[in-house]
Amino acid sequence: MENNKRPFSGIISDFKGRRACYRHDWASAFCSGFRILAPTTYIFFASALPVIAFGEQLSRDTGGTLSTVETLASTAICGIIHSIIGGQPMLIVGVAEPTIIMYTYLYNFSIERPELGKELYLAWTSWVCLWTAVMLVLLAIFNACVIINRFTRIAGELFGMLITVLFLQEAIKGVVSEFHMPEGGESHGETHQFHWLYTNGLLAVIFSFGVLYTSLMTRNARSWRYGTGWLRSLIADYGVPLMVLVWTALSYTVPRKVDSGVPRRLYCPLLWEPESLYHWTVVKDMGRVPPLYIFAAIIPASMIAGLYFFDHSVASQLAQQKEFNLKKPSAYHWDILILGITTFVCGLLGLPPSNGVLPQSPMHTKSLAVLNKQMIREKMVKSVKEGMKQKASQSEIYGRMEAVFIELDASPAHDSADKELRNLKEAMMKDDGGNNGKEKFDPEKHIDAYLPVRVNEQRMSNLLQSILVAIPMFIVPVIRMIPTSVLWGYFAYMAIDSLEGCQFWERILLLFITPSRRYKVLETLHASYLELVPFKAILLFTLFQIAYFIICFGVTWIPIAGILFPVPFFLLISIRQHVLPKFFQPEHLQELDAAEYEEIIGTPRKVSLQVHLSIGLFRVSTIGDTKATYACMHVCRNEGKRVGSGLDPSK
């Protein structure tokens with residue numbers, strides 16, 4: 001990202017860059033045909049389920065003022081706008097957990113103020129959104145996105161861990177609430193007697209743990225021994241929504257003798273009911289908000305603007321990681337400008353705003369990478385077979401394959417095609433004129449190994465999934481069939497699933513491993529810092545993160561000041577640059593806080609291992625001629641991996 005200093009320069013640069021490929025963004029989608037529906041449905045389920053769950057959480061935390069209808073409407077409207085005029089079409093937007101937290105704080109603040117109360121809560125949040133929109137637009141104008149690289153791994157991991165714990169906290173609170181009377185309910189009602197609540201609570205435990213366990217099991221469906229390949233792939237890709245459907249269906253098998261209303265199900269007003277209609281006209285009440293609170297809204301707006309700026313930019317960054325090999329330019333400044341516009345629109349409509357979400361954004365890019373690779377592979381293999389039938393030389397066949405690659409490549413510049421297909425060319429040329437007994441080049445078997453990563457960079461899948469998210473608003477009776485306990489299980493699943501690949505979590509687990517057993521870590525996939533950084537430094541760095549995380553989490557529990565919970569993350573930029581270097585050696589800090597880190601696949605070996613804090617976790621001593629070897633190195637960034645060079649443990 002260029003370090004632009006002139007106002008508007010970043011926006012103008014992004015606009016020009018994306019305008020040049022805007023037509024291709026749509027053309028490439030139509031070239032994909034019906035294949036584009038696979039990643040579309042995949043991302044739709046990944047987006048819709050969290051939004052429905054957040055809607056139930058928001059309804060409970062705001063006394064029913066906002067519900068699933070509003071979260072779905074916001075996600076659909078903002079998604080459609082972003083997919084059409086946004087900069088990075090890989091970026092998925094939606095209502096996220098930080099928005100729910102902020103709106104809960106605003107609600108608690110409003111009901112404690114007679115001048116606002118529940119009646120003017122939405123009108124006041126509209127003012128908050130307007131101020132937030134102004135700040136986001138100013139951030140885009142003055143090129144604030146150039147500082148996004150200062151949010152290093154430590155900030156991302158702390159923020160991710162906070163969201164994980166908040167998910168888990170919401171799941172626990174939700175299950176516990178199933179044993180109690182809902183807020184606003186009458187204690188003398190038949191459905192609020194002890195036996196009703198106790199039965200409802202026990203079923204909630206069963207359903208929530210059932211959803212959690214079965215959803216976690218489906219993640220490894222591709223490695224199951226049973227079932228056909230397409231069935232295992234279907235379960236692996238769509239296992240979570242399938243489990244929500246399965247456990248919702250099981251909730252209707254409760255014996256008839258159980259009291260009606262058990263288990264408790266989602267409450268979601270219909271579109272034409274007064275509860276759903278009011279927020280569309282909230283703009284008429286904005287003038288009733290006292291001037292003092294109009295200007296006081298600047299305080300929460302500054303927190304939300306900073307939070308959205310960080311969250312949106314990081315989501316966009318992870319959607320276009322280096323390993324995805326995207327060819328079209330980024331548009332960080334332009335996307336922040338569009339975020340300001342959509343936040344303004346949501347404010348006027350009384351909706352909670354949407355911003356870039358994780359992990360849906362990188363998931364979207366990954367699904368399109370698989371789609372495009374399949375298309376390119378299919379046509380390249382076809383061209384090879386045609387050349388073989390015509391008995392063409394290997395160089396002629398390669399020329400045909402290169403032509404197919406250039407034709408289907410999303411990049412406007414094709415002069416790099418020969419460089420990217422160099423390994424493929426070398427493999428084919430070796431086979432030209434005889435292979436000297438070696439295995440002959442087979443396109444069906446070998447082309448995957450040499451085909452570079454390509455993503456079908458287009459806007460259609462984002463647009464279609466946003467339209468699909470709007471459909472549940474019109475089938476509210478179906479949403480009402482879902483037990484609330486199923487959503488609590490889904491919250492727990494999101495919490496546990498987000499821990500996978502989190503280096504912070506892996507280092508926490510490392511602290512509990514007995515020193516004499518730490519050598520086991522080297523025999524599995526492990527990050528290179530384990531060999532390059534002393535264990536004492538790893539320990540101190542992890543303890544610092546834990547302490548700082550406790551502070552961040554503790555702020556969320558402060559009744560009124562909890563709205564300031566993003567502040568510690570902003571302060572972390574200065575702490576990382578000026579404080580941590582005084583306690584850690586630069587090379588150690590770089591290894592522990594690197595955006596990209598080396599990850600090594602270790603192999604079991606017959607060596608004696610001793611813990612040595614001076615050079616890292618371990619020192620390897622060879623026995624006889626046995627040497628410590630490593631299969632390969634991977635350069636990782638969150639969820640993406642790319643093969644690199646070997647690692648020398650002695651470095």
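Backbone N, Cα and C atoms are what each Cβ position is placed from, and that goes for glycine too.
The domain 'Bicarbonate transporter-like transmembrane' feature in TrEMBL is assigned to 6-181, 199-376, 453-595. The annotation transmembrane segment is assigned in TrEMBL to 90-109, 121-146, 158-176, 196-217, 229-250, 292-310, 331-351, 463-482, 527-551, 557-575.
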For the transmembrane segment (196-217), distant same-chain residues with Cβ under 8 A (at least six beyond the ends): 171, 174-175, 178-181, 190, 239-240, 243-244, 246-247, 250-251, 254, 258-259, 261-264, 483-486, 488-490, 492-493, 496-497
Tertiary contacts of the transmembrane segment (331-351) (same chain, 6+ residues out, Cβ under 8 Å): 1, 4, 10-11, 13-15, 17-18, 70, 73-74, 77-78, 81-82, 85-88, 91, 93, 122, 125-130, 132-137, 139-141, 143-145, 148, 278-283, 308-309, 312-313, 316
Outside the transmembrane segment (463-482), six or more residues from its ends: residues with CB under 8 Å to it: 36-37, 40-41, 43-44, 47-48, 51-52, 68-69, 72-73, 75-76, 78-80, 82-84, 92, 94, 244, 248, 265-271
Maximum Cβ pairs under 8 Å to the transmembrane segment (292-310) - stretch from the list 90-109, 158-176, 527-551: 90-109
Same-chain residue ranges lying at least 6 outside the transmembrane segment (557-575) that approach it to Cβ under 8 Å: 98, 101-102, 105-106, 108-109, 147, 150-151, 154-155, 158-159, 299-300, 303, 306-307, 310, 548, 551
